[in-house]
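In Swiss-Prot this protein carries:
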{"type": "DOMAIN", "residues": "35-262", "note": "domain 'Starter acyltransferase (SAT)'"}
{"type": "DOMAIN", "residues": "400-833", "note": "domain 'Ketosynthase family 3 (KS3)'"}
{"type": "ACT_SITE", "residues": "CYS573", "note": "active site, for beta-ketoacyl synthase activity"}
{"type": "ACT_SITE", "residues": "HIS708", "note": "active site, for beta-ketoacyl synthase activity"}
{"type": "ACT_SITE", "residues": "HIS750", "note": "active site, for beta-ketoacyl synthase activity"}
{"type": "DOMAIN", "residues": "934-1244", "note": "domain 'Malonyl-CoA:ACP transacylase (MAT)'"}
{"type": "REGION", "residues": "1313-1631", "note": "region 'Product template (PT) domain'"}
{"type": "DOMAIN", "residues": "1317-1626", "note": "domain 'PKS/mFAS DH'"}
{"type": "ACT_SITE", "residues": "ASP1537", "note": "active site, proton donor"}
{"type": "REGION", "residues": "1671-1697", "note": "region 'Disordered'"}
{"type": "COMPBIAS", "residues": "1688-1697", "note": "compositional bias 'Low complexity'"}
{"type": "DOMAIN", "residues": "1697-1774", "note": "domain 'Carrier'"}
{"type": "MOD_RES", "residues": "SER1734", "note": "O-(pantetheine 4'-phosphoryl)serine"}
Amino acid sequence: MDTPSSSADVVNDHHYRLVYFSNELPSDEQIGAHLRRLQALSKDRRHPILKVFLDDATEVLREELRKLPSHLLSLIAPFESIIDFAYQFGLRTGPFGGSTEGVSTCLIQLGTYISYHECPTNEPLTSPHGTLVALGSGLLAAAAVSFASRLPDLVKLGSEAIRIAFRMGLRVDQASQRLETRRAEGPAESWAYVFSELSEDEVQKELATMNASLNFPAPSQIFVSAVSPGSVTISGPPSRLKTLVRSSELLRYAKWASLPIFNGLCHTSHAYTHADAEDIVSAMDLPTNSSYIPHAPLLSTRNGQPFAAHTPAQLFEDVIFELLTGTIRWDTVTATLHDRVALHFVPEVVVKALGAPNALKGFNEAVQAHADPVRVITEDVLAQSLATPLPVRAPRDPKDSKIAIVGMSCRLPGGAVSNQSFWDLLEKGLDVHRRIPADRFDVDTHWDPTGQNPNASKTPFGCFIDDPALFDAGFFNMSPREAEQTDPMHRLALVTAHEALEQAGFVPNRTPSTNIERVGVFYGQASDDYREVNAGQEIGTYYIPGGNRAFAPGRINYFYKFGGPSFSCDTACSSSLATVQIACTTLWSGDADMVIAGGVNVLTNSDGFAGLCNGHFLTQTGNCKTWDAGADGYCRADGIGSVVMKRLEDAIADNDNILATVLSAATNQSAKAVSITHPHAGAQASLYKRVMDRAGVDPLDVSYVELHGTGTQAGDATEMESVTQVFAPMGPRRRTEPLHIGAVKSNIGHGEAAAGIAALIKVLLMYKKRSIPPHTGIKTELSPVLKKFLDKKRNIHIAFEQTPWKPVYNDTRYAVVNNFSAAGGNTTMLLEEAPVKEIQDDGDDREKHVVAVSAKSKVSLKGNLEALLAYLEENPETSLSDLAYTTLARRMHYNHRIAFSASSIDHVKKQLRYHIDSEEQVRPVPSNPPAVAFAFTGQGAFYPGMGAQLYNSVPSFRDHITHLDSLCQQHGFPSILPVIENIGAETQEEPAPIVTQLTITCLEIALTKYWASLGITPSVVVGASLGEYPALHAAGVLSASDTIFLVGQRAQQLEKHCQLRSHGMMAVRASVEQITECLGDQPYEVACINAPQDTVIDGLQADIASAREKLQAQGYKCHQLDVPYAFHSSQMDPALDSYEQIASSVTFHAPQVPVISPLLSDVVFDAKSIHAQYMRRATREPVNFVGALQAAQEIGIIDHNTVWVEAGPHPVLVSFIRNCLPEVKRLVPTLRRNENNWNTLADSLAGLHSDGLTLQWNEVHRPFEASLRLLDLPSYSWNEKRYWIQYRGTWTLTKGKEVSQPVPSSAVSTLTTSSIHQVLQEDVTGSTATFVARSNLMHPDLFEAANGHRMNDCGVATSSIHGDIAFTIADHLYKKITNTSAPGINITNLIVLQGLVAQKFSKADQLFELRATADLTTSPATTTIHWYNVTDGITSPEHFASAVVEYGDANVWLSQWRRLSHLVNSRIASLERMATEGKAAVLPRNMAYRLFNNLVDYADKYRGIQSAIMHEYEAMANVTLTTQGSGTWTVPPYFTDPVAHLAGLVMNGSDASNTIDYFYVTPGWAGLRFAKPLVKGGKYQSYVQMTPIEGQAGFWNGDVYVLQDGEIIGLVEKITFRRFPRSLLPTFFSPPDVAKPLHAAAPAVPVKPAAPAPVPVSAPAEAFKSAAPKTAAPVPAPAPVPAKRAEPAPAAAQAAATQNPTITGALDLIAKESALELSQLTDDAAFATLGVDSLMSLVLAEKFTSQLGIEVKSSIFMECETVGELKTYIEETFC
């Protein structure tokens, strides 16, 4: 072999050279060391051939992986190179075990061989006087070396050896798995045992005896695979190997060991033929002629002679055939080597071993025992390589490669909301600048053309996206709150990324290049307007993740679960194109296989305008006037753009539409410019040259340059100078073809960070349209500075009208895109148009296809349907197969989905119209797909040609059938292929029973494999009669080989022992009972109970004929089955014994999925139920299909949601299942007699997809992909709503200025009481009024009242204080409106959300605000009041208490109450009687308030109860009100509380309550009213009976009646109490100026100053309903800045949500914090979809604790995935 040192100089004729390639794979540690070494050497420029070999081998491996079905491909982790693949040690235990070992062996041996020869100091390993010897997989590497006369030859030969190693491993695994499936658990089992001290004859004789005695089927028989001096190796399926050794007296006691051969069977002609070898090497990419010359002979391990092949392909085929079928006879190899050494008369043999040379021990001994001893020098090259230190690396230059752009999308000014609308704008030459819109800021207040107003803009112009607030939050799983706080740049990056991915036909993990772990996201962004100005006005939860730049790409990664790199880049104006370059570099470096890149810019901050104006960047006269004589600066613009990119070879392999390719891209810096913002022509020209040189493209071949072209005199002139210098020079070599230039900024302004991506998308559209749009920047005349650059000699042109874009060189258009940065950076990209795509026009002959449309909402679903219909109306020539391929294999699918089968585009349009009209009927599919049951048909469904279309058009299906047919023949059975292929159907006789039964079995096994490739695998299986055999295979009970063996043997035994056609079978449409009643004692047997009214009977033909006559006479339908025997009848008896004996040789495994047994009428899970006797019984006994399904249904294995797939040639079982399980929603066939297979499948696949099953649609279309084209269909129809935080005021102008403090205004009303201190607003209009006041809890009177009601040693405003406030405001407003005294006042629906807790130490004001609205036009007239906290002078947007006052007639109330007085008085009398009898507790005053101290410490003024009687939850009290005067009150709390707080005494003092562990507090009442005023010193009686609220655990309510002299004069209606753990008391009631204590059950939650202590959310409205007239619904109080509130849920939803108050509170909180509608919180709504992310979870967990009193972890929203699961959790845990 020629090496850096010529072999002629180094070969020693006194040596005989032997190179040995071992079959032993090194240890994992050594493999890692070898791989690391090869990786390091490949990066060294001194090992170029190694690098090329590794690259070629990687590509070869990728080519093979692309051929794999998805279920196999998913097992392989993404990899950058073949070295990464070899590191995947875990693959060795699965279907890729043999492949990975073979690939690793070849890789290490060949890589080491190449690197060894690339070192100039090493002697060549081979020579003309040498021989190659190898064992096992080492033969593949040796074969490559054999024909590599030059080292570069080994690149191609070696990479093909890698391919063959991979393919052979897969073939061996497939063949071996048909013989015996691998164990699901436990260590791998050996397929080979080696015996020493036994001769080959002894072993062969013993094997023949044992194979026969154990009745092993031919394919599974044990055989001799290798013979060497002193040892014999036998091979076979592991279970049979063990059985044979245990059963053999000779072998059991011999000396033997199992070999580490775990990946299947080789060296046997039982399992393989020459066709297997031919198929394995068929994929090789080697010339058929002899372009390679044999360099060194390779010895066969079968006979020791050199392989006689004359071409590498022939040699590889011979090697593969030997590995698969040949017995290793190493003694012949040793003999040949001995003879060759002797012939050369050399004294020395040099053995270079690539791997452990243990196998050469016999050769060494033979040559040394010769009469003239020969010295043998052995060197392990692999071991020596590891021992040699790595040289200092000489780095290799980066590798250039074409990058394909396969998708794009944009949102650009001028209404460019799509790629097409952007092109329309360009084509028309529009200039879309306009005045700054109001949604950004008020241009009139923020614009000053004179520049006198600080911080104001000097220009009112810009180019803007139409309504950037629009966004589909639900699609991207964002809550409305998160969407509102998220920068619209980030939101539109998500939107355009999705649209670009759609155009690219992206489906996660569809191909190796779309593996989500290998997808990266890159976006350029140079400003933070929305975060700084809009969201910064009111900083919320999502201020950081919604506005920080890193979250723009990060959010895309997170949403799509992309595991690749994520970068946000800021290079000022060049951010987006520089980002695209970084993304390309990532692809070139192999760090990702697909990237999404783009740029974003949305302008909302006036500061940017002001700063750029002051920096002299901006024009004040309109848009960018690029190249115009009057160019005076640029015009700012919005812009969002995204592109999807892959390496070109991946895009071609993925059948993508390629928009253009990137040949080269680079960035440099204008470091030598006069200032940082000034351009530099030399730097720009240098960059262009570098880009062109890297790509190897002549600059004169470029026909279009998209310039940066901002419209500044200096910038445009400098760029034009650099462009003409390189692309249109004036030197001796000039352009012969025109160069056009353009600049998109003249249309849509300067998008800054998005400028580059806008320019790139423009050029991509030019490629698509093959046209150059007109330039619109020159408004007056060409700038005089630029005229010299546009000399005719340069042949450079500006298009002023639409111009065809013609190719310049080799029919290829090259374009350059420039994007420069104000910070000095220059980025340039070279583009080439996409390669021509070749489509096979006649490759897809399917008649019927599935078309699907889906969305995440009904609105979007309808929009998608309408858009697709419009597309088809505009494009009637659309190919149906392309449409099906695009909508299924190249689309992501969502939960609102429609799928249907169609045979024409007209049919599709008809279906679309139907579904548009009925889209409301579509229900979203469940998040968890339904279980799938497979039913396997029996013999009665047979017909010739079944499965023929699948067999002819799906290679994987054909392979399965072919291999199964091979197994049939290996077992000695006839071939099934003539039946499948339907060869000679017209002349052929009816197939023999064995053929029909084998065909059905093999077909159903192959169909199961095919369904698995489509992503559909059974969770349970059932088979009818013959169908039970493929069912057992599908469940993993039987291997494919054993299944075929049993079916064939059963057929042979029946043929041997039973008379053909002597018996018959008949299906009867009747139950077993009805048949019995009809036939009486007439002879027949029940064979199958298929359905309640479907039974099969059998017997002698005459008996069946007689039975038929009787049954039909009774009106029963009968059908004679066309079967050769009466299965499941006594006719089977003669064959049963022999069949059972045969079946006993088969290995039965535990089911991997449950097996529904029609024999047992039960479900089988274990390994002991199915055995040889079971197979005997299943042959003879009835098939009870009904009983089996009932048993499965009873234990929950199947239910009405289970989807049934009938895996058979014709739907027979579908009707049986429907009759047994009428509620089943979906049953689909696979094939149907007299119908094209694809038509049947189309209908079934459409149904399965509609049910929510995840289908591998790419596998459906894979056989036809070469003839299919990805359509550019309309993008997703968004369900958009506006999410926008409007910038308010002019604070960006005034920031930094000293703000004068406002002077407190005088009160606007004279109203002042102890509870209301300052009226801020009082407006009366007709019969309505609004009122705003503030009160100070530290006011002496109010503080005394609150401090007299102490809880947890804190003063807490009692509900009676809120009552006085309501009485006061209601009375005052009524008088103001009517100038008359107020009538009766009823305070209804008092709801206190948080307790008002007084400060403990601080003497500062503790303010709260009161807002009221009175409306006397309603009936009844009302005043609505809300209470708000005030912190640092700012009123909270959320109220903490509310009430509705209703005005009524006190006399009417008294009249109503008189009817109740006798009932209340009778209950009081009853309590008094019980007290006298000792049955009720009598509580004197001190005792009563001592019990109150369990929770509340009342001041003396409140202690009005003089005595009380209590029995469980019923009580009465005698009350005397205080005579102490204190303050100005309307209804003093010292009066209201004593007559009402008897209810609190019952709840917190009764023996019936657990007051040790719990306390009870009231969040409010339904009504409080007094028909007569309470008076100082007055004597009253109170009565109450508290009862639990039905359906609301932990809640009680009751009516407190207030009596005076036996007359009811007041009522507290439905005062409600709720139970809480006592441990939460410190959490709920702590002063705002004291940190809350830590507590085991209630972790501390920080409290805002002046905020009231949290009290649980009030009981729902249901708890407050009473017999009183209904109150008006609460009306929100006015607020200066109204907070966004959730709309109330519909009535039905409201009722469902209010069943439990805790759950109601939780849902209210979730809705409020997420800005969702309550109606959206349905039980099946997923929190991830609603946008409840980790941040929102933290907020909600805190709110749950502080406001609901329930402590949950923030992870609860991941553990409970849906609203329904959370409600269940709360109910079970806290209620």
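Quick reminder: no glycine exception, Cβ is built from N, Cα and C everywhere.
Mapped onto this structure are the features recorded in Swiss-Prot.
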| residue | record | Cβ contacts under 8 Å, 6 or more apart |
| --- | --- | --- |
| CYS573 | active site, for beta-ketoacyl synthase activity | ALA526, HIS708, THR710, HIS750, GLU752, ALA753, ALA755, ASN819, PHE820, SER821, ALA822 |
| ASP1537 | active site, proton donor | HIS1349, THR1358, SER1359, SER1360, TYR1498, TYR1502, GLY1504 |
| SER1734 | O-(pantetheine 4'-phosphoryl)serine | SER1754 |
Top Cβ-contact partner of the domain 'Carrier' (1697-1774) among 400-833, 934-1244, 1317-1626 (pairs under 8 Å): 400-833
Contact between the domain 'Ketosynthase family 3 (KS3)' (400-833) and the domain 'Starter acyltransferase (SAT)' (35-262) (3 or more Cβ pairs under 8 Å, separation 6+): yes
Summary of DSSP states over the domain 'Carrier' (1697-1774), given as helix, strand and coil counts: 53 helix, 2 strand, 23 coil
Neighbour tally for HIS708 (active site, for beta-ketoacyl synthase activity), based on other Cβ positions within 10 Å of its Cβ: 31
Within the predicted model, mean pLDDT of the domain 'Starter acyltransferase (SAT)' (35-262): 92
Cβ neighbour count (within 10 Å, all chains shown) around HIS750 (active site, for beta-ketoacyl synthase activity): 33
